[in-house]
Amino acid sequence: MRKAIIKIFTLIGVFMIAFCKLYGQDEFQIIQSKIDDHLKAEVKNDLLTSSIAADWPRLQKEGSYADINYSSTIETAWPPLLHLKRLNYLTLAYVIKENKYFNQQEVLAGIISGLRYWYAQNPSSSNWFQNDIAVPTALGEILILLNHNKINFPVFLQDSLLQRMQQGNVYKSIGANKVDIATHMLYRACITKDKTLMATALEQAFYPISFTSKQGLQYDYSYLQHGPQLQIASYGEVFLKGEYKVASWVQGTIFALSADKLKILNNYLINSYLKTIRGRYIDFNTEGRGISRNDILDKKSITESSVNNSLLGLAKKASPENTGLINEAQDRINQIKAPSYKILPSHTHFWKADYTLHTRPTYSFNVRSVSKRTVRAEVGNNENLLGKFLPDGSTNIQRSGAEYFNIMPIWEWDKIPGITSRDYQEDQPFTIEWGERGVGYFTGGVSDSLYGASVYDFNYNEVTAKKAWFFFDKQVVCLGAGINSFATQNIVTTINQSWLKGKVLAYADEKLSRVKSKKSMNNPSWIWHDSIGYYFPDSAQLQITNQKQKGSWAKINANRSKEAIEGKVFKMWFNHGVDPADATYAYIVRPGISQQEMQIDKQQEIKILANSKTLQAVKNEALNILQVVFYEAGVLSDEDITIKVDQPCMVMVKNIDTKNPEIHLADPTQKLKEVNISISSKIMKREDKRLLVLPKDNFAGSTMSYIIN
Ligand code: CA
């Protein structure tokens with residue numbers, strides 16, 4: 001009996017060892033198989049066939065292409081790289097069963113002679129990227145395809161090329177470059193079944209999935225690149241795609257991305273990046289200088305229905321548990337479901353990026369601003385030639401999502417929605433390439449992740465303004481004060497500049513009228529356009545145009561088409577005039593309201609308690625929320641509540657009419673260590689005094705909260 005048991009255990013042991021050995025080897029097989037699938041899915045079969053048909057006659061016996069200059073060293077569109085791209089296509093065609101070149105011996109002979117020729121010539125570019133990333137990646141892809149599909153290939157040539165692939169310093173590179181170099185290291189590791197190399201490659205590939213105060217993913221879950229510059233889509237999207245790609249390859253193996261890092265990556269995708277998309281279109285603030293590229297705001301390109309190996313497809317593969325959430329986003333982007341579908345209310349202020357996201361099922365209202373801590377915006381590679389004023393409090397107000405889609409060539413660029421600026425006759429070009437820092441420190445936001453307020457102490461181009469936004473459910477209140485300038489132009493604050501859609505209605509002096517092509521008003525009560533209401537609590541010099549505007553993509557991006565573009569634009573702005581002295585503005589944006597509701601809804605729950613250069617405060621009586629910007633130490637008092645602070649800061653009070661109000665406080669300057677605050681209210685019948693120690697280091701500027709008991 002005992003012997004039998006020992007026998008069984010021995011047998012199990014032998015099986016275990018055999019299994020582990022097999023399993024250990026299989027890890028590389030599994031990864032290679034996923035890379036193989038990925039590469040095969042990159043190109044459509046008919047495109048593959050037609051390009052090979054075109055290029056095949058140019059391939060000479062010695063393995064070179066007649067039309068390629070192999071001695072070229074130019075930086076971009078480097079001709080020798082084309083050689084590897086063609087060999088890559090040949091290899092794909094040779095291993096894809098459905099392709100007409102599948103298993104054709106002369107094709108394999110071509111690949112081998114082509115690779116031999118490359119090895120002998122060893123072309124080199126004066127651009128490090130070609131040598132350290134483009135070439136080893138292309139070689140690695142070819143070798144993976146040959147290796148995984150068990151193609152009979154000279155071992156000596158393979159080993160020589162693997163050696164040639166050892167380019168680039170993965171440790172010294174950052175962001176996408178690091179991931180790219182790590183990726184070709186990973187190719188080598190797969191082919192040579194080198195566990196140590198694989199571990200190093202993955203450690204480096206996944207290194208950017210960690211918080212940094214330099215370029216990359218920030219502690220507030222924003223993404224900054226090219227200095228501390230807002231790039232949540234643009235470079236942030238490249239980061240997401242690169243990481244999910246590698247994560248999906250190694251998923252389910254011993255090399256898999258750690259659960260902690262996967263959580264960070266998913267959080268960035270779901271709570272930052274995807275929230276900047278409304279319906280099918282992304283916030284124009286998130287694309288960096290890419291704002292000047294046509295179709296960039298259309299995010300169909302990240303969905304599975306658009307391309308193989310799409311961002312959202314890879315994210316699903318890497319984290320199958322997020323399939324539901326990702327499919328909901330895809331349904332909105334693909335316009336199968338309404339933009340409001342499964343959208344939950346949320347509010348985020350990114351204190352590292354000076355950017356605010358306010359999301360409701362009926363709308364998105366996001367604000368971009370800037371400070372000495374961040375970079376304004378950039379012009380570079382002849383892109384974004386006119387985006388100079390983009391960060392000056394631009395408001396992205398979306399309902400359908402398409403409000404600003406491809407409008408940029410015909411925008412008037414000193415009237416970007418939300419900003420305060422000089423009104424020039426001609427749009428002003430950027431003069432400094434690759435961005436400059438903002439001015440001032442008092443830029444920030446207070447937030448409880450549902451409601452919040454944001455502030456931008458604006459000072460640029462000899463114009464100053466205290467700009468603040470107060471975010472609730474139904475509406476966003478926008479205030480400006482201390483507007484000053486000695487410039488010779490009119491100073492204007494633009495409320496919106498979007499595609500004209502349907503009629504524009506104006507209500508003033510108790511009369512309703514329809515705005516035709518142009519209108520100037522001194523006492524507007526409200527304006528309505530495209531299901532968005534704009535209320536004006538104070539008298540104001542308001543200008544509206546509903547006119548055709550003209551431009552071209554080349555006007556804002558020298559690499560793009562010169563073809564003339566025109567379209568009708570709804571544009572509305574306050575004219576503060578020339579040489580304003582402490583001018584102010586106030587408007588309430590109410591997205592998702594019908595023309596009929598406008599007649600009834602007077603925004604009575606909104607009380608603007610202060611709008612000066614020292615204090616701005618708004619109370620929402622329906623929600624029992626009070627939001628205050630203290631530009632200086634001071635007091636805010638109304639019939640219900642009194643708030644005293646001994647430092648400049650922002651305060652939000654919820655549940656004002658209870659004995660237990662909830663207090664949220666943030667320091668926009670990110671420099672304070674502590675604040676003394678006292679709250680007293682009619683219902684509390686006492687004064688609650690506290691010394692608050694503020695969040696520091698990477699969390700300076702974030703919100704701290706407490707409840708008065
Ligand atoms: Ca202008």
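Using the three backbone atoms N, Cα and C, a Cβ is placed for every residue, glycine included.
Features of the protein shown, as given by TrEMBL:
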type	residues	note
ACT_SITE	HIS226	active site
ACT_SITE	TYR235	active site
ACT_SITE	ARG289	active site
DOMAIN	61-323	domain 'Polysaccharide lyase 8 N-terminal alpha-helical'
DOMAIN	347-594	domain 'Polysaccharide lyase family 8 central'
DOMAIN	607-675	domain 'Polysaccharide lyase family 8 C-terminal'
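DSSP assigns HIS226 (active site) to coil, not to a helix or a strand. Cα of HIS226 (active site) to Cα of ARG289 (active site): a distance of 11 Å.
The local packing around ARG289 (active site), expressed as other Cβ atoms within 10 Å of its Cβ over all shown chains, amounts to 26. Here the Cα atom of ARG289 (active site) is found 11 Å from that of TYR235 (active site).
Secondary structure of the domain 'Polysaccharide lyase family 8 C-terminal' (607-675) per DSSP, as helix, strand and coil residue counts: 0 helix, 39 strand, 30 coil. When secondary structure is read from DSSP and collapsed to three states, ARG289 (active site) falls in the helix class. DSSP assigns TYR235 (active site) to a helix.
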